[in-house]
């Protein structure tokens, strides 16, 4: 019992003992009461009172009360010892003992753990604003954020394209009484009519019009010498602009001495004492030869760069409030044409006011009708042709009759041919009525004249009421008024107050709630017709109506009014390409380009004399005196044609005109006297002209023409004597337009002009300065504006930066076949062709002579199994095997015999835990826990109550400039402005040159222009049709592109074995292991058939180590040429081209830039044998040549049997293949025959020789904006740019054709390393296969080739040592490497317009002959990693690999049966050397190899920087702790990357040759990942996500870390490139205040990611890892530039501010 139980049981026991004692006493007493006593007198009877009788004893009475407690009895005798009881329960804890004496002083204990962090202090005041930091480097690309919420409804898009024409509707009959009420819509323009029949001969025409002015007469003879003229008056003009550079003068006479120049005034000038004016800019000199200068010092940081590209997509913001409803969206893309719908309900009754004019829509032209029956008698015909003149009876003088009457006005004649020369300007017309007010022009420049201040004007009339202002802000809520109650029923009404000041206009209020419906109002006045409404939404289709009554219409209704605009149709399919459009109007001047000024161009050649200009504007009156009367001029040219002839007979009836034309439309005349097009009736297109009628009789002679233009000037006459000064002459003729003079002085203001017509909108003004951000109050973006008129060609832009390569243009349609050209000149011999396929077997030749000893043969195929050999000798003992894996659990053993008694056992384990104790005292506060995960997003709270009005805040700082708003819609025209004030004198001031006038009419064909500048590159033309075969060899071509690499050579002599490589990686569990050791050699087996093509697998192999170069093989003899191959299959038929009509020769076009390189043309037929060409230039070094053919021809072989038909190959992948290697250049075809029609745009030709410099053409139009240039790598980080506008997503272009090879560039410096790629997803581990059934022992197999590496097998028995084999022969030379990377990128072409044009492949050309092998080419630079190749055929099993490193135990497989032990096989032949790996980075020398360690701080293996080989990967070890001492690892050295992980990777040994593993509290520390912090220590597989991975890379140079001690990224030294950026990690401590640190020059001191706890502690004894509270990391901090001023101030940083105080670093490697 417990202590408490015994305390309770004591009093109860005593009560039971007392009760028992009383009971025993009463029992004894009652027993004695029934006993008769005979030893007393009278035998117990009382005889004293006479005889008494005693009745029987009564029943037992009730128990009496409890008696008093009896005394304790004496102790009883000692009983026998009882049986030993069971062990009692553990007793209660005893009372605390007496405090013992004070003990001795104990030994000094170890240092305690650091205490918990103190309570954070209050945040200090914010420091002053720091200096702007350096621009940070680009961060690593973040993971894509979650998908954001759907955006608000977009703005209305532009209207969609017009839908397709609908199907013809069902006819509907109208009753006769309703036909007049409806009219049909105006029909669309009719189709082009068929050509009409020839008209009847016309009547005699009227007198023709005045003839055109005659051509200018020939130059007159030189005039006689004039008289001496008067001296003219002149003003000293303003200095003109500098004239053009004149043509070179004749060479002067060389002079040895300087002759003084004697001026007319007698003053002598010495040329050597005076400096002439600055000459014109000289021509460029010849190209100089410069030596490479020394490397300059590092420049200052550049200016702030332009805004960068758009940043990465940010994290999604919170869901915004619902936006305003957008405008109606654009029509969707055109859908497919729907099926015919159900017949609609009957339409409304038609209405036609005139039944006779009722006309329906114009139908389609019908088919020709059948031959009709003969018609009825027709009406009288038109008058016949005039008869011949009648005979005359009178005299000859009287034969001519009187003139007839004037005929009626003739029809309008056809437009005449353009006049060769313009007529003289007509007289000034009458002044037109004032035009409407023009649109407000752009603000003019500030004036220069300042007038005197005028007198104060009178008070003006009241102005027009202004437009209502913007609504003002809402006022503050007023205080509550006091309520004053009055005694009476009504309050006394006060007097009206004074009017208050005018309030500001309020802002637009929030829309009020919908009011109650008002009472109906009175009928209002009829309103004006409303504007055309917006088309409503398409309603839901109504129910199908009942079929209407059928009615018949006999007359065709009139064309009705235009119907309501229909619902926009769905977007139609892409139409066929239209014809070329007409030339567009010249656009407005474009904005000036922003290129930098280019270098001066070469001087142009002298231009040809220009044509005579048109007369200039009327100049101001001259100041000369009137001249003398001139002499009579020469006779003028022929006059204009005479008056119109007589009226002819009426022509045939015209086509009926359109009805409902608006006859009130007037045609306004524009500024250049051109007719402006106004909306009127749209007629059909003009029909084809009829056949010409017979000529009419000759008209009367025309009137005398106006005098012709003056002839060309005659030669100059001899110079006359100077005349006297003349009087003021009449105004001279207008002069030619002179060059534009410099800006004159500001004149006086001119008089008031009459209001001009509405001007065109002015050009865009210069961009204004950035305005303040406007307040947007409920504004919405306007609709998209109309497209502007195309601008006029701008000035030639400066050369832009080099753009990126353009998109690949679409493949064009085949061109029309050209005509056969004349035979060309013979060309040079062609380049060697590609190797053709092997020829067919030839006829057996005569046996040749015995040849020399051939090369070593290729290893033969596997032979048949040989006979079993004799058992070999027992070999020497083999090497000690590796530690085997744990064996499988054995079967249960037999029951053992009874053992002897064991020795006493050890102390037992502790018992089970006791019951929970009482609640302990409150402990000391714990440390801050780790930061919790962010909670889920809470629900929105209830709206709070309205707060009281706050105080006015202080004005805020000036806000940042807002992003540019969307372009607003065009505003309404403003109210007319006040008339201008015209001061006297203004009329005499000529204004500045006005804006460009409206576009003139299209001019006639001008004279041939001078040669212009090269045009912008044309788009890629469509390929032409295949050309006709040429017969003449082409001219010598350019140097060809390097040939494709040759076929693999024959194996060379085997090289010596390479050095032992590093251990390979631990692969995942492989398939079933390769066969056992090789058997005996078998005989050579028969040749097997080719196997099927294996599957494709996209796993690239790891590059092997580069083997040593093999010895050069013996060159083989030259082989024979193969015979011609079999004819190929017939290709697909090409598209038949349309034969073009021969057109007139086109004008000579301007020279364009070289076009993009088109696709190669089809191969022409063989040309005729040409003359021997000249020797070509040395070609590029070709790829490595083919190896020579084998030795002399052997004995002829028999013809083989035809092979069986192969199975169809697996379908190819559905992706575009890589572009093939360039084919050989085709031979040049014959010149084509002349063609007069301009052909389609041809494929750009090959690059021609450099032409002579052209003359300077007019400025070109501004080029399209180029793509952003490729940003060169830079060590200097730019400042962050402003946020750019988001770009639109472009369509994916087709792959462009390969550009021409660029010119050889100077060797560039090595670029920076790119950002690390995203880690790949780890592959899934395959399942272990089941063990197969036990097989019988097989025959001795042939030696297999090397197979894939199997997983580690169970440890076998130690075999006998085999005999040492002979050294194998030197391996053959390895295969050639992969093709090198493409050459430098050429100049970028224009971005092509991606189009999807379906093309058909052309016909396949005949196969070329096999060319000789080219010379070996230079080794190209290392290409980028290629796409994963297709899976090769399964390889043969290779020899057994070396023993691998002890691997982690794999999954336990199923237990297989025990196989028979096989015999020991002989040693297999050495395998062939493997294929060479990809070329590595160039090393500095063979003896130098640097190692670079990269830690990912994630659970993914990091990638080595580009060009570096990965040697191994593993886990990031920071340091060990053993015997309470730390051993640190440098994270920049390879020792910090252990290939395998264990919580206890080491053991310790004592001097007694005894080692212990995981037997004490030793620890290992590893770099950790970003996995969430665990609450408890993790063990086993849970550890892996917390351990950082690492890779050891082979670097060509040493890598160092540089630290900025600032928040900015430091720069690498000059000549070094960046590998990664990070944070400066200094040192670390953990348990027992032990730890270590990093060398600040080591890359290990620059971790890419910052964590307050970057490493995790693993306990070796327990096998667990955890983040304990005593781990500290130490980092370099940011230090201000004033290093020695003031002491550091203590500070505590929370999680969000830590990175602002951590120094940044960068790991750099020297460029080689």
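Each Cβ is built from the backbone N, Cα and C atoms, and glycine gets one as well.
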Checklist outcome for this item: Between 1081, 1490, 1515, 1668, the 3'-bromotyrosine label in Swiss-Prot belongs to 1490
Checklist entry - Which of the listed residues, 138, 1275, has Swiss-Prot annotated as N-linked glycosylation site? => result 138
Next on the checklist: Going by Cα-Cα distance, which of the disulfide-bonded residues (1612, 1665, 1708) sits nearest to residue 1504 (disulfide bond)?
Outcome noted: 1708
Checklist entry - Closest to residue 1658 (disulfide bond): which of the recorded positions 138, 1490, 1549, 1593, 1705, going by Cα position? => result 1549
Checklist entry - Which three-state DSSP class does residue 138 (N-linked glycosylation site) fall into? => result coil
Next on the checklist: To the nearest Å, how far is the Cα of residue 1490 (3'-bromotyrosine) from the Cα of residue 1555 (disulfide bond)?
Outcome noted: 36
Next on the checklist: I need the nearest neighbour of residue 1593 (disulfide bond) among the disulfide-bonded residues 1549, 1612, 1646, 1708, using C-alpha distances.
Outcome noted: 1708
Item to check | Local confidence of the domain 'Collagen IV NC1' (1489-1712) - pLDDT mean | outcome: 93
Item to check | Neighbour count (Cβ, 10 Å) for residue 1549 (disulfide bond) | outcome: 10
Item to check | Among 1537, 1549, 1555, which are recorded as disulfide-bonded residues, the nearest neighbour of residue 1705 (disulfide bond) by Cα | outcome: 1537
Checklist entry - Say you check the Cα of residue 1590 (disulfide bond) against those of the disulfide-bonded residues 1612, 1646, 1665, 1708; which is nearest? => result 1646
Checklist outcome for this item: One of the recorded positions 138, 1537, 1549 has its Cα closest to the Cα of residue 1708 (disulfide bond), namely 138
Checklist outcome for this item: Smallest number of other CB atoms within 10 Å: among the disulfide-bonded residues 1504, 1555, 1590, 1658, that is 1555
Checklist entry - So of all those disulfide-bonded residues, 1537, 1555, 1612, 1646, which one's Cα sits nearest to residue 1665 (disulfide bond)? => result 1537
Checklist entry - Of 1537, 1646, the disulfide-bonded residues given in the record, which has the fewest other CB atoms within 10 A of its CB? => result 1537
Item to check | Whole-number Å value for how far residue 1646 (disulfide bond) lies from residue 1549 (disulfide bond) (Cα to Cα) | outcome: 36
Item to check | Conformational class of residue 1504 (disulfide bond) under the three-state DSSP mapping | outcome: coil
